[in-house]
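**Q** Sharing a structure here in structure tokens format.
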């Protein structure tokens, strides 16, 4: 399944949209929440409506949480948009919040699990009408739970969340979960490891905060796709000829590599 790489653009910097479009991002998320100060929200919505009127591209929108004083104004704004593709709902607590939003705007909802209450309600949230996929918020959860960021303990918590998101997404026919942002956009090695990790989990993509992250993630995904294609070519040649030593694209293949290819395909299917 193709992976979806989302790139955030602050609603206060819509001039960055053109650069975002030039990246290999599959979708753009315009951010009205954390990236916009309270006293700039109205101005950001006005600028967003002006951008939408130009019709240059479709986009997703991260709005303010249901408990925020800005939430209803965000909904009113969305009803005036013609090129909105979907909505990112932060700090989602329950199924009702997703369904209420969907019944207002009739666009796919990506629910962000960022609180302990949201974690406890993942199974219920996954049943919500209008829900497209789920994700989670790394820092918000760590602050609320009191766990130390970037510690072995926090990694256990995140993998628990990933597991729950994956199980309930598959059980309810949702798009595979979307990995949360990787905060350090200078750490390409760490990001590459993160991408491989969520791919191993069967996630459907990741949110990014900088175009250079898109390039890193795309490189990892491309390499994995090429590796899988090579494995399929090996197995097809082996099944056709029964030979245990042969060449594929100038590369020598023997029995250990054949077994590697079989195992890679088996793991991918599971």
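The backbone N, Cα and C atoms fix where each Cβ goes, and this holds for glycine too.
Below, the features straight out of TrEMBL:
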type	residues	note
DOMAIN	6-211	domain 'HpcH/HpaI aldolase/citrate lyase'
BINDING	62, 114	substrate binding site
BINDING	114, 140	Mg(2+) binding site
**Q** Just to verify a number: CA distance, residue 62 (substrate binding site) to residue 140 (Mg(2+) binding site), in angstrom, no decimals.
**A** 15
**Q** Between 114, 140, which of the binding-site residues has the fewest other CB atoms within 10 angstroms in the structure shown?
**A** 140
**Q** Rounded to the nearest Å, what's the C-alpha distance separating residue 140 (Mg(2+) binding site) and residue 114 (substrate binding site)? Just drop the number here, would you?
**A** 6
**Q** Looking only at DSSP and grouping its letters into three states, which state does residue 62 (substrate binding site) belong to?
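**A** It is in a strand.
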**Q** Per DSSP, residue 114 (substrate binding site) is which: helix, strand or coil?
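**A** In three-state terms, residue 114 (substrate binding site) counts as coil.
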